[in-house]
């Protein structure tokens, strides 16, 4: 018996080891341009594995051919046709090939989503047709057509022809015979036509459905969308002007596959479908089912306020039931201006996720409600760490609902993610909740976290990721309700990839703009959020950002708004550093960052704090809050100091400690000591916390946080990303130094001047020298109790003597200590330690 079992095991292992899957892929491009195009293929079933690139090695009468051999028996693989190293995708969506008996042969047509298992017709077709307005349709064709031949063109609505007025080239620089055409109709498409089958027919071409794009802008709806709850009834509203019909499916349980009730929704105009369901639906789950563009789609609500685990279903909730005790009296810290904020960036799991945090609810929302937690050597951890440090605001990496990962799995070592793959923007992420299946629990726990932080005077800034979503098509509630409309696409129907994440949201579309404004105002009103950081803010159009600012500051003028003034590589910037002046929206100051730490792209390049050469002018620009200080060299992008976020590190790229360590290792002229690296760390903190503008600290920067040199730890385990409180104990002097600097800034308004005029009046640069920046804040700047304050940064690797202005000066910050207590009193000159900062004052 044992022999038979052994033989069976050998046979099974042999089958796995020696089996092979062969896939033949035929690819046809209508433009005949194959250079650079290749395949990315990955195993899906029965086992999922990483992908690999495969080249086309042959050709036939259809086009190019690739023969792909995989050393395992597969039944399904994923496939992407891509240009070079992800320069572009032929089709935006991931596609899949079904395999039988270890073999598959497929045909792929340029720009066509369907994968063919038999050789398809390659005759001309309409790639994509889109309605730009009620009279204008633009279409991209596989082959050129003569626009002078209007008689070739026909547009039908449910089979009924609409007269064509004229046909012209869509690109005015093109010639008349072109594959990009504009069709102008004699009659306008009506609102009811949007829900019908509109088809473009060109003689000699395969016809195409017309996708409604900018035409939908005319059907803006300014009312409340989603599930509008009351104990007596719930009103369901969804915006889908292109759907023939919409139903709401009601479920008693999140795992149910069959609804207990199906309710037909009624079209109310302006693209909105509505259904009223009587009774108390608190805790009921729901989905929408819609038919548009010839497909029946089932989706969660893009306006979901609550969901079941892993966003399987939306949920109706009585939000009043989710409020912790005393919620009506909860308030965040009130500040006069952004400049009063000291921002500290954290991730929910990072700050309490490791064993040595001493927190019970490790890595969860409730972990940040636990008080008086201790770590190694009795150092404070979690919430208590934030309170001891003294920061005014925490910037929390995404904690809205994101797609990646299983919310029921709390093993952050096995699975971890920053959360920059949005799915449902108005719902808290379930992975940080004690019970993701209960739609009320995650909401209540976020509120408890916010309340606990507010209790200690700490505001909550939410990291929002509007420029892209995790996926498109079936992986996007936007695309399910109104395909294509919410995204930027090109003339061929391909999703633009300005974000570098596979798609980019069209913030300029009125209903997308409404969604963004609705989302941030909802978080403020329901969760008492105190600010927002906008990921890839440069991809959001200026009008939308201004509407966000107006809406939020109407609620609370102290809400802090800032973001990344860039997008993906090479993307056009719509709201960059040059756009923030006068908007009450701040931008991350990458010039100041690089001056302090050196290039984020080349770890060996030293910044000012490591003795880097030629950084003095850029440091000065940062010191003055990036305003136009002198109209010459000391000027930058800001009209007001509130518009610059001054930072040296954040979750992206290397931590400050890791960056400086790598720069030290690359230094062929010098052996760096740990003490010198600590000095660089402290000098960076001193520059940030004594400069005008808004200081921003990467969580753990205050105790030399390391991620073991991982410069993109978005999915690294918690052992890499977590706050290691052993390091806080090890570098407690660096922590105390930052704590003292924060106390100094909070108690002295001279470091928090509120406008450019005050800065130019009260801030005077003093003689410096190579790698020295010195300035005076004079005449009780900002109403400061100290008459004059001198700040000196020494970026030299050796001690330096500096001549002080006349008088006796009280030192409150030197290379070892920082705070508001006098360390010593000096006159005439002061000896500056290497890589150090000094703050001195006189009455």
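Just so you know, the numbers here start at 1 and follow the chain as drawn.
Positions of Cβ are set from backbone N, Cα and C atoms, glycine also.
Features reported for this protein in Swiss-Prot:
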- 1-19: signal peptide (SIGNAL)
- 535: active site, nucleophile (ACT_SITE)
- 564: active site, proton donor (ACT_SITE)
- 652: site 'Transition state stabilizer' (SITE)
Judged by the number of other CB atoms within 10 angstroms, which among 535, 564, 652 is the least packed of the recorded positions?
652
To the nearest Å, how far is the Cα of the residue listed as 'active site, nucleophile' from the Cα of residue 652 (site 'Transition state stabilizer')?
11
Using DSSP reduced to three states, classify residue 535 (active site, nucleophile) as helix, strand or coil.
coil
Euclidean distance between Cα atoms of residue 652 (site 'Transition state stabilizer') and the residue listed as 'active site, proton donor', Å:
11
